[in-house]
Amino acid sequence: MRGRQREAYSMYKRLSSRDYTNTIDMEAKELIDAIDVEENSALLQKSTVPEPSNPSWRLSFPHVVVATLSSFLFGYHLGVVNEPLESISKDLGFKGNTLAEGLVVSTCLGGAFVGSLFSGWVADGVGRRRAFQLCALPMIIGAVMSASTKTLAGMLLGRLFVGTGMGLGPPVASLYVTEVSPAFVRGTYGSLIQIATCLGLMGALFVGIPVKEIVGWWRVCFWVSTIPAAILALAMVFCAESPHWLHKQGRTYEAEAEFERLLGGSHVKTAMAELAKSDRGDDTDTVRLSELLYGRHFRVVFIGSTLFALQQLSGINAVFYFSSTVFKSAGVPSGLANVFIGIANLSGSIVAMVLMDKVGRKLLLLWSFFGMAISMSLQVAAASFYSSGSGSLYLSVGGMLMFVLTFALGAGPVPGLLLPEIFPSRIRAKAMAVCMSVHWVINFFVGLLFLQLLEQFGPQLLYSIFGTFCMLAVVFVKRNVVETKGKSLQEIEIALLPQE
């Protein structure tokens, strides 16, 4: 009996072992099949999911448009006294006093220098949005003072206030547009700053048309400027703060939220990862002026300051100052001359907007300065044959329009866009302040000395000097400027920043 039991148990054990082995084999096969299905499914899904696309430009566009209101105001206040100056001088009792008339025009430049000098510290201290609001405030106060004054002193004080806002606005606008724009449209958005400036100049011209027919209309010209300034201050409440500034302040969650508003939720992680790449742990340290002037950041600050210096030494503001005289010699009324100059400026800016993210910043700069040098050579030729008749006048007019057009293609819009791109995040605002201060100082001296130099040297030599500076700019850009088209700010920073 026991023998049969042992035999039955042995058979059961063999069967159980065989069944168990078969079960394991079946389970292993099922597991392998399941893994194959998952791998095939993953491969299929990978092949059908597209590569990450660019964020929608529509999300950031409204924020950029609001920011460019500061540039519109900049252009408007540059041109607001051109037509009404004669009426202003008559009503305020300084008609015929060329020094007083010059002060009404140039007091803005002094205020702009002060505003631009402190713009970096303001933008870093209170943020980009509040900096825009602080830019709008003196423009509103100054415009109200100028519009309601009955004395020259009140007009000059109002112009000084307006100038402070004008100096603060452009560098903050360049910073903000650069930091909130997706890389693939950053150049296009940067060109909107120049277009807004052109529209502001043309707006001032348009509003000033009735000034000779309606007594006291010049006051309306100043009152009108308070409207876009108030819109800028109020609209900034609803705009996104710069995520780069928030990240520098250690407000990471807020930076993520703003990236979601500007780029969309699917691009937040990528954008934050890009910010982390360039985080050197020193963003909260105070930036000393010595770092910018002779420290490790000197090279990029030198490139930026030189670009702005060459932009002004090319003679663009001298051309604007002298254009009405040239057009008047050709029999063109000053009002129509300003329209022609405005159209050339706006046309070039629109073309630059289209090309900025296609051909790149460097190429536009090179061809722009080269075209300006050619235009100056036409001016020199026209001045050489001035007594030969109308042909030289038409050559001079053509050269002037070509100069403004080629300036607007690159030398006008590119420096304000390129510099925030090449400056590291830590010094970006303060480096822009230094470069813009250089811009205003040279702008002031060109405006101050142009007429004296014109009388002393004559147009041939003076235009030859401007043309030489344009060619120097071509060489400088070729050797020193890097292309930033399509690159994120962090990629540019990592590529340019010298190692410790």
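Glycine residues also receive a Cβ, built from the backbone N, Cα and C atoms like all the rest.
Unlike curated entries, TrEMBL annotations are predicted automatically.
Features reported for this protein in TrEMBL:
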- 63-485: domain 'Major facilitator superfamily (MFS) profile' (DOMAIN)
- 61-79: transmembrane segment (TRANSMEM)
- 99-119: transmembrane segment (TRANSMEM)
- 155-177: transmembrane segment (TRANSMEM)
- 189-211: transmembrane segment (TRANSMEM)
- 217-239: transmembrane segment (TRANSMEM)
- 335-356: transmembrane segment (TRANSMEM)
- 363-387: transmembrane segment (TRANSMEM)
- 393-419: transmembrane segment (TRANSMEM)
- 431-454: transmembrane segment (TRANSMEM)
- 460-477: transmembrane segment (TRANSMEM)
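For the transmembrane segment (335-356), same-chain residues at least 6 beyond its ends with a Cβ under 8 Å from one of its own Cβ atoms are 82-83, 187-188, 190-192, 194-195, 198-199, 201-202, 205, 209, 320, 323-324, 326-328, 364, 400-401, 404-410, 412-414, 417, 485. On the 0 to 100 pLDDT scale, the domain 'Major facilitator superfamily (MFS) profile' (63-485) averages 87 in the predicted structure. Contacts between the transmembrane segment (217-239) and the transmembrane segment (189-211): present, as 3 or more C-beta pairs lie under 8 angstroms, all at sequence separation of six or more. Between the transmembrane segment (155-177) and the transmembrane segment (431-454), the number of CB pairs under 8 angstroms, six or more residues apart, is three or more, so the stretches are in contact.
Counted over residue pairs 6 or more apart, the CB atoms of the transmembrane segment (393-419) and the transmembrane segment (61-79) come under 8 Å in fewer than three pairs, which marks the two as apart.
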